[in-house]
Amino acid sequence: MATEIAKDPIDAHRTATERGGDSGRNSRWKRVQPWTRQLTIRGVTASIIIGSVYSVIAMKLNLTTGLVPNLNVSAALLAFIFVRTWTKTLQKAGFVTKPFTRQENTMIQTCAVACYSISVGGGFASYLLGMNRKTYELSGVNTEGNSSYSVKEPGLGWMTGFLFVVCFVGLFVLIPLRKVMIVDLQLTYPSGLATAVLINGFHTQGDEMAKKQVKGFMKYFSFSFLWALFKWFFSGKDKCGFSEFPTFGLKAWKQTFFFDFDATFVGAGMICSHLVNLSLLLGAVLSYGLMWPLLDRVKGRWYAESLEESDMKSLYGYKVFLSVALILGDGLYNFVKILVSTIVSVHHRVKKAKTGTGLDDNEKPATEEKQDEMFLRETIPLWLGLVGYLAFATVSTIAIPQMFPQLKWYFVITAYILAPSLAFCNAYGAGLTDINMAYNYGKVALFILAAISPKHDALIAGLAGCGLIKSVVSVACILMQDFKTAHLTSTSPRAMFVSQLIGTAVGCVTAPLSFFLFYKAFDVGNPNGEFKAPYALIYRNMAILGVEGVSALPKHCLQICYGFFGFAIGVNLVKDVGGGRVGKWMPLPMVMAVPFLVGGYFAIDMCLGSLIVFVWGKLNREKAEMMVPAVASGLICGEGLWTLPAAVLALAKINPPICMKFVPS
């Protein structure tokens with residue numbers, strides 16, 4: 001799950017344009033290089049390094065909470081810092097270096113984001129991990145529909161192959177509609193726009209500001225890395241160290257309310273909007289502060305006292321299915337809303353075009369006309385999109401049934417027939433709202449396949465089909481957002497598309513390697529451990545619901561699920577109908593669902609990040625806007641990168657020397 005920085009990118013775009021001035025714009029038009037020169041060896045090298053680092057960081061976040069903030073802006077900043085530091089070092093050593101342009105910056109950001117996006121959306125913490133034996137056992141060995149045949153252990157070979165055959169299909173599906181969506185319909189794509197604003201700002205603001213950002217990043221990167229090293233010495237056993245520090249007392253600690261001193265989540269909280277972080281805290285209070293203590297009191301009446309807490313027929317079942325109810329309610333509402341808004345918007349624009357009052361008749365500013373001209377100058381051939389889609393879809397249709405015999409070839413063909421229209425709807429909706437609904441399309445496929453497949457095949461077929469649809473739809477949407485960034489930074493679409501191909505190929509290798517780094521070194525999937533991977537259990541139980549229906553639920557769970565499902569829809573209705581004053585205070589139900597399984601500790605970390613941004617903005621708004629991305633990136637990268645040596649130490653059986661633990665007196 002990705003989230004956005006809480007600021008209006010359109011206003012930011014205007015501000016950055018005014019700041020850059022006419023001279024900056026004119027120089028940009030005169031000196032844009034051909035697409036073959038926008039792709040550089042140093043750019044590809046920087047992309048692979050940044051993308052690989054972010055793959056590890058995103059995998060850590062994915063396997064701990066399942067909540068990964070949008071790191072696009074952070075990747076653009078890191079690309080700027082990396083290449084600027086590189087060129088300055090070479091210049092001081094007496095070498096002549098090629099100027100660093102906004103086009104090269106865009107190429108690096110695009111390639112790095114395509115790389116780490118595979119770690120975020122590749123299913124390593126959700127539908128793919130949901131197939132393994134541990135998740136099967138957590139879902140209840142005796143649970144109806146949870147067949148022992150529906151188990152497939154993670155493997156580096158088949159996971160890498162699966163990613164290669166499903167992720168590349170999405171890159172070709174919307175190529176014919178590039179001009180329509182970016183130039184003709186002028187869709188906003190707020191994430192792509194915000195990234196373009198940041199990159200344009202980097203290359204107009206001067207060296208002094210860049211130096212401050214580099215210094216800020218390095219300072220907090222070093223602090224975060226060294227702090228993670230310091231914490232490691234005190235974590236000799238489970239439930240030891242600063243990550244289990246009872247900040248608010250032992251009673252609160254038992255209900256997962258404590259500050260765990262994790263700089264990664266503090267940095268993530270600085271990037272996420274205040275609404276996301278407060279929704280997490282509300283979900284933690286509602287679940288671990290209210291619901292679970294109340295359900296614990298009915299032990300012996302609603303569920304047997306003899307059952308372990310991790311049993312799906314005890315308290316753990318309520319935790320899983322109530323979070324599923326929130327996710328499905330929020331997903332269904334937004335799915336219908338965006339589908340309707342897409343149909344209405346397309347109809348409205350087609351009607352305007354027929355009456356001669358279309359968008360093309362409106363006089364555009366000279367800057368936008370120049371952007372359109374440069375964006376359309378280097379076309380991507382239509383035949384490339386068609387041939388690429390058909391070729392990869394054919395390979396996928398042959399390969400996927402070999403990997404997952406439960407998912408029949410005719411289901412795969414049907415999915416690829418429907419995929420272009422689903423990808424268009426999703427990309428169009430994201431252009432209007434900035435919400436990537438790929439996971440919801442995947443969930444629809446999961447339920448349908450789980451319901452219509454033979455019972456012993458249903459779980460694996462549903463989970464694999466979910467990944468197939470989700471990957472195509474998501475990659476196509478990310479590609480279109482990057483086309484928007486390319487359009488606003490005068491970057492060649494060809495260079496951007498090749499960058500996406502390189503980044504996706506690298507991501508299909510680095511993402512499985514990152515996953516197995518954690519999977520071999522740590523106890524991934526343990527509900528009481530650090531790497532809980534909550535979405536693996538959620539997705540498997542969604543598939544069980546598709547097979548068995550409500551009979552899979554614990555006692556009285558259905559009635560409570562109705563309430564939470566209705567709550568999710570009601571909150572979204574109030575947000576849309578209540579206007580800005582009321583709507584801005586409504587929480588995000590899908591975000592609220594994460595602490596139901598994970599706990600409240602990381603919500604406290606992220607709220608602290610929000611508090612830092614809020615106070616900093618009040619004290620010095622201009623400095624905060626400039627430095628928050630650099631500081632947050634430093635905090636995330638420092639502790640995130642410590643995961644590499646920590647995993648190596650764990651694999652070498654080298655344990656921390658000290659266990660710091662607190663017990664009642």
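Cβ atoms are placed via backbone N, Cα and C, with glycine included.
Note: TrEMBL annotation is automatic and uncurated.
Checked against TrEMBL, the range among 1-29, 349-377 recorded as region 'Disordered' is 1-29. By number of Cβ pairs under 8 Å, the transmembrane segment (39-61) is matched best by 107-129 from the list 67-86, 107-129, 156-175, 380-403, 409-430.
Using a Cβ-Cβ cut-off under 8 Å and counting only residues 6 or more beyond its ends in the same chain, the transmembrane segment (380-403) has close neighbours at 158, 161-162, 165-166, 168-169, 171-176, 178, 409, 412-413, 416, 420, 464, 468, 493-494, 497.
When each of 67-86, 107-129, 156-175, 409-430, 593-616 is checked for Cβ pairs under 8 Å to the transmembrane segment (628-652), 67-86 comes out on top. With Cβ pairs under 8 Å as the measure, the transmembrane segment (107-129) is packed most heavily against 67-86, out of 67-86, 275-295, 593-616. Against the transmembrane segment (501-522), stretch 156-175 shows more Cβ pairs under 8 Å than any other of 67-86, 156-175, 275-295, 409-430, 593-616. Each of 67-86, 156-175, 275-295, 593-616 was scored by its Cβ pairs under 8 Å to the transmembrane segment (409-430), and the highest score goes to 156-175.
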